[in-house]
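Novice: Structure below; questions to follow.
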């Protein structure tokens, strides 16, 4: 406990005492030089870049982790989103004009490369890699540091997309200040990623009418046996300056529900292995009631895919109907007390819809497996 308290004081000292500035074309300057890739700004305020942290640092506390001491995937996702929101909002306000806050629209597939534990320090760094007329792509890396040995390891890499919403009118999307790329290929590659994610977002909207229904006395290893829901009243601490829910808050709740589904299915310690693309279909306002539902869709020998759906209910506004706000697929693995991967009980789909979702999940699993094997092949 003394070590934890000392580390907490050290982190606060670093956070409040260090002086850092993000300078166009140089990244961070001062004692933190080199921690962020440079971003070049153009426009009237290019000579006056906004100041502030481009890397967030926080020690992992007991309430950030599960009973085995592994930090919740939702906690890490929330830190990733916070870093992305800071740098994208800063960039979108780097020119004179209407002020805005960057809202999260989508998170690309995120793999959890290595577990993070209580007492380790998370270093979350964000970098803008592409801008379109109305959106910002942010790359975020997460490192965990063992403060006893100083050893660091990469735990997460994520890509997030933000859109700038006016502070005066939340339904108004503002234009994004462009960035200057060091190579022409960077812009072309970014444009391809932008078009791909735009197409995928459109393809996910067909699921908006799909809901999770409870079943009485379900059999073990079935979809109904492990499916779970969480109901949450959106309060002021969950929201941005606009009065809408932070994307990171939503992702944390989604991961909690997915974790409950996985634990109910295999009844062991479970950890987040990856998150498929998270699409935010619509904003969630303060005072709304959200229902986060999760259900098992597919199991391989050692992994589980869980679909998570977020529905928003404007309970105090009779003119608005309940709507689908976000959706995603989470992948979990089962671990022994020693941290070794365990076999997963095989899912038993019963209905035609469940069998269809199982085959779709199997397709995603095989596609990602082939992609990983392709990356692992030695280059000639």
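In case you wondered, yes, glycine gets a Cβ from its N, Cα and C as well.
Annotations per TrEMBL:
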DOMAIN    50-168  domain 'HotDog ACOT-type'
ACT_SITE  66  active site
DOMAIN    224-338  domain 'HotDog ACOT-type'
ACT_SITE  255  active site
REGION    339-380  region 'Disordered'
COMPBIAS  353-363  compositional bias 'Basic and acidic residues'
Novice: Could you tell me the C-alpha distance between residue 66 (active site) and residue 255 (active site) in angstrom, no decimals?
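Specialist: About 12 Å separate the Cα atoms of these two residues.
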Novice: If one looks at the chain holding residue 255 (active site), which residues at least 6 apart in sequence have a CB under 8 angstroms from its CB?
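Specialist: Same-chain residues close to residue 255 (active site) (Cβ under 8 Å, separated by 6 or more) are 72, 73, 74, 77, 272, 275, 330.
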Novice: So, by DSSP, how many helix, strand and coil residues make up the domain 'HotDog ACOT-type' (50-168)?
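Specialist: Per DSSP, the residues of the domain 'HotDog ACOT-type' (50-168) fall into 23 helix, 57 strand, 39 coil.
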Novice: Among all the protein chains here, how many other CB atoms are within 10 A of the CB of residue 66 (active site)?
Specialist: 15
